[in-house]
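Pulled from TrEMBL, these are the features on record:
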type     : residues  : note
TRANSMEM : A:20-42   : transmembrane segment
TRANSMEM : A:57-77   : transmembrane segment
TRANSMEM : A:106-132 : transmembrane segment
TRANSMEM : A:138-156 : transmembrane segment
TRANSMEM : A:168-188 : transmembrane segment
TRANSMEM : A:208-227 : transmembrane segment
TRANSMEM : A:248-273 : transmembrane segment
TRANSMEM : A:293-320 : transmembrane segment
TRANSMEM : A:341-363 : transmembrane segment
TRANSMEM : A:369-392 : transmembrane segment
TRANSMEM : A:404-426 : transmembrane segment
TRANSMEM : A:432-450 : transmembrane segment
There are 2 protein chains.
Amino acid sequence: MKLARKVFGRPLKDREEEAIRVGVIAGLAVMAPDALSSVAYGTQEILIELDRAGLKALWYVLPISVVIALLLTFLVISYRQIIRAYPGGGGAYVIGRDTLGPTASLLAGAALLIDYTLTVAVSVTAGVAAVVAAFPSLAPWTVTLSVLIVAVLGLVNLRGLRESAQLFALPTYLFIVMVLVMAAVGLMEPVAHAPTWHSYVTPPLGTVSLFVILRAFSSGSSALTGVEAISNGVPVFRNPSPGRARTTLLLLGLFLGSMFLGTSIISYRYHIVPAANNTVLQQLAADIFGRGLYFYGLSIVTMAILAIAANTSFAGFPLLSSIMARDQWMPRMFLSRGDRLVYQNGIIILGLTAIFLIVIFQGNTTNLIPLYAIGVYMSFTIAMLSLAVKTWRNRKQISPVKSWLIIAMGSVGATLTAIVVLVSLVTKFTEGAWIVAVVLPLLIVGMRRIRRHYRAVADELRVTDLSIKPVPMRVVAVVPINSINRLSIDTLSYALSLADEVIALHVVRSIEPGQQFAERWQKWDPDPRIKLAVVPTQYRSVVRPIVRYVDLVAHQNTSERTLIILPELVVSHVWEHFLHNQLALTLETSFIFRKDISVLIMPYRLKS
Amino acid sequence: MKLARKVFGRPLKDREEEAIRVGVIAGLAVMAPDALSSVAYGTQEILIELDRAGLKALWYVLPISVVIALLLTFLVISYRQIIRAYPGGGGAYVIGRDTLGPTASLLAGAALLIDYTLTVAVSVTAGVAAVVAAFPSLAPWTVTLSVLIVAVLGLVNLRGLRESAQLFALPTYLFIVMVLVMAAVGLMEPVAHAPTWHSYVTPPLGTVSLFVILRAFSSGSSALTGVEAISNGVPVFRNPSPGRARTTLLLLGLFLGSMFLGTSIISYRYHIVPAANNTVLQQLAADIFGRGLYFYGLSIVTMAILAIAANTSFAGFPLLSSIMARDQWMPRMFLSRGDRLVYQNGIIILGLTAIFLIVIFQGNTTNLIPLYAIGVYMSFTIAMLSLAVKTWRNRKQISPVKSWLIIAMGSVGATLTAIVVLVSLVTKFTEGAWIVAVVLPLLIVGMRRIRRHYRAVADELRVTDLSIKPVPMRVVAVVPINSINRLSIDTLSYALSLADEVIALHVVRSIEPGQQFAERWQKWDPDPRIKLAVVPTQYRSVVRPIVRYVDLVAHQNTSERTLIILPELVVSHVWEHFLHNQLALTLETSFIFRKDISVLIMPYRLKS
């Protein structure tokens, strides 16, 4: 217990809840890394796709980045609306539920839960891979290190979000500052062969197919994954939570947008072409600052932000799963909050699933990367569509200009994000996107079954008629007994206290000792309510005949309750426990599989 | 359950016991590998020690081997006597107990138990090491392979000894035949520079110190470890067990003696000097038959016999530990026999301890080899000394010549074996023998504490006065209740059936809902014997307030029994179980640490 307190911190009272929530600064440190870390690969993904279509196609990074930045603007505006409407969190799932109905909301919710899990696995292994690339001798420890990091993230989050915020604020803000400084210097510095102003706005000669542009757009849009996290986790902010969440989201949008656009523009300015051994960010740092302190500093901070992107999932998953559990789509255990006021089961399940994925894929999770943009963009589509539909329904209450603006923005945004989903599904189907097409429907079917089960149980257990009262029943207690001693006398006393009828069960392997025991019993004559049953067996183990006999008693008296009472010696030292109680242990586990019979363990405290 | 039956075989009735025992042929296959495998290194150990003293010293392998063979003769005669006197098995431990008292017998018993465990770890890893030497690509799997082999040995032995005998008969007899054929051919074949008859019986010029000879003798005497196994495991033989055991021991002695002596003599004849890359057996095979089929065949069979030497321990350990458990030196669980009529706990503990050693030493168990000759020779010394003392005490009943012969043999044998113990302890103290000097006393102290505990408990529980009868006590039942529904009504009904007083415990986090519940409860008015207790808490988890409240009730009514009743939903599908019963599970584990209170789980079977 003391160890638990050391690891998880002291139990918190309900009224201390406010104290463990976060403000804007800490909130950004928890909620932003997932989105910000996309800057590490967003521009690069676009360049990789365009590079295949020839050097001239690289120009298209500019308009594509502008469209993605526009989409980001739409998303930030939309989610700020959603946060205001749903201060309890839940984002796309909740607005989808209230606007489009259960199917759309389940799709959004399930897609996001999958996405959070994938994010943990992918970002942790990406961080570890970067470290291993720097220190190749660590290679055999890839999986172990990844699993350890997930475990540490889980433990920190079991203590509470605030603690993880403190831990991860430094790398988050350092990453923001370093990328922005690099973008600013990169825009200002004179460069040989720098593109002229004209070349920024004029498409190059020669045509690039629409398909290439769409694919580059959908790949680059992975830069926006993580933007939804704040809308799911509104309650982690201090009061007024929606206000702080909206401010945090606005800041996130500004940082993310300027970092992403800045990176894209200076990549074009410095004629960056994707390379195998250095990322686009590293190439930029090398070109602008040389391979010095800045280059290595940015590399390390990028590594860090990739790894702690996983932490955003630990904030989002437990909250979203608790909201979905409240709607009975998920097991009730995701609703329970422990002594640290966190949804510990969500944290534990998220950690274990991510560890499972890491072990299954042996730390090589690049195959999983295409999967998770799809989930996020499904939830984006549902969120923006819902917002448009909701605004249309409430258009009477809002000013016409504003409502039409929101409807237009929602429709355009939903169309753009739907394009990303479709293009990703089609182009990356064989690379792993098919998994989404398999897992997502399965998850939704499972969630529907869970709800159906809960409803059926609730219907069965519901009592409206208060005239139904508890009524005592006849209880038969079976007490396995080996010899007459203080332990068995105490157990029989307990059985007499509880039951209407007590059966002392004595199992024998041959007739003679059975008769001797029966004679001694008759001489003892303990109580008229106790009957002795001597049961012969041909087998060694007494477990089988006891289980059979109790089953028989339970079967004969279906109107009664059958109870088996087993004594357990309580010893003063732990090691002494192994000297006793083997039978009680075996019998208890045997009856776990025979659920209609109760097993009562009677503790007997030894004086010696 | 079906799976268990597939793995372990169908349950056996008591009267089927005879059918699963073994005869002489199968018995030798189980009991001999430990002793026979010593041939693989016995002669080699002598040669290594002598080689250090110069090439001429190698001659001493002849007299030393003769003395060891003489000792083997003494051991076989002695243990045949012991088997006759103790047909229940237990060897040195039992005769030591009845003759020299508890200290000597504990020493013999504990030493043998340690030895059996070491044998499993050492012989399995030696076998795996030989395989890895042949297939170096398996090197990273050394530990995994060793652990797997121990697990398979354990499983086979849980099915029964007969099955393992069938499995291991072929390599055992093949090894005997191949070594004997090699010895015979090696003695007959003409060899260049073969020693003359004269050189066999005349010591070479130059002196070899007594210490070198003693050390070579004690190293070579490791060839006799395993001879004691049959005396411990007499009951594994078919009736008449002692007769069959004695025949098997005689055969073992003849085979072991001729194989060992033969190997030693032909090593001298072929001028074998210990080499790093080939064992003495391999060198002999290469010299006599060339590096062909025989060489490789013998190498593989040697590997096999080393690995299955571990199986002898699986026959000896469970039997010896059951005999020592009957004398209360070991936990009672070693006495219980399961449905396959084997002492399953002995098998499981032996397997787990060996696996633990293998993992701790990372499959490199050469350090453990010096340890186990010490244990065996301690038991040899105690066995022969006991036999001499016992014969002296009974000398009136036996013919004087026979009794004096046995006394002389026992004394000489005990002296020789005691020399081995002392020399090994001294010369190998820093190599690992100190572990024996630490572990053995600890084990003996532990065994004495176990016996003391059992005696104290038995004294405390014993009832001689049959006027003591079971007396019912007042029982208070606490039922945690969340709302009024069929489940809680059923649980309260059960509580009413069992207890004299029922407390319905409702935990609330704020005052208002508590008052609402109390009002609804009053309207319901279930039963005058049920009291409602509304308990407020400032924490999230309801486990803590429930545990505290029950502790309080138990504390206030020390003359009564306190019971906590928890309902558990019995669902039709396994996955549905994860949707319920979280609280019951948590509470149950919480009360495991509060042993004075009983927890009763009431199964509630859902219709849906």
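In case you wondered, yes, glycine gets a Cβ from its N, Cα and C as well.
Under 8 Å from some Cβ of the transmembrane segment (A:369-392) lie the Cβ atoms of residues 74-75, 78-79, 81-82, 85, 91-93, 95-96, 98-100, 104-105, 107-108, 111-112, 114-115, 118-119, 122, 218, 221-222, 224-226, 228, 231, 398, 403, 406-407, 409-411, 413-414, 417-418, 420-421, 424-425, 428, 431-433, 435-436, 440, all in the same chain and six or more residues away from its ends. The transmembrane segment (A:208-227) makes contact with the transmembrane segment (A:404-426): 3 or more of their CB pairs lie within 8 A, with pairs spaced 6 or more apart in sequence. The transmembrane segment (A:341-363) is not in contact with the transmembrane segment (A:57-77), judged by fewer than 3 CB-CB distances under 8 Å for residue pairs 6 or more apart in sequence. The transmembrane segment (A:432-450) makes contact with the transmembrane segment (A:106-132), as judged by at least three Cβ pairs under 8 Å among residues 6 or more apart in sequence. In summary, the transmembrane segment (A:138-156) lies against the transmembrane segment (A:293-320): three or more C-beta pairs, each 6 or more positions apart in sequence, are under 8 Å. Between the transmembrane segment (A:106-132) and the listed ranges A:57-77, A:168-188, A:248-273, A:293-320, A:404-426, the one holding the most Cβ pairs under 8 Å is A:293-320. Where the transmembrane segment (A:293-320) meets the stretches A:168-188, A:248-273, A:404-426, the count of C-beta pairs under 8 angstroms peaks at A:168-188. Simply put, out of A:57-77, A:168-188, A:248-273, A:404-426, A:248-273 has the most Cβ pairs sitting under 8 Å from the transmembrane segment (A:20-42). With a cut-off of 8 Å on Cβ pairs spaced 6 or more residues apart, the transmembrane segment (A:404-426) and the transmembrane segment (A:57-77) reach 3 or more such pairs and are scored as touching. Within the chain, the transmembrane segment (A:168-188) has long-range Cβ neighbours (under 8 A, six or more residues past its boundaries) at 25-26, 28-30, 32-33, 36-37, 39, 255, 258-259, 262-263, 265-266, 269-270, 281, 284-285, 288-289, 294, 297-298, 301-302, 304-305, 308, 311.
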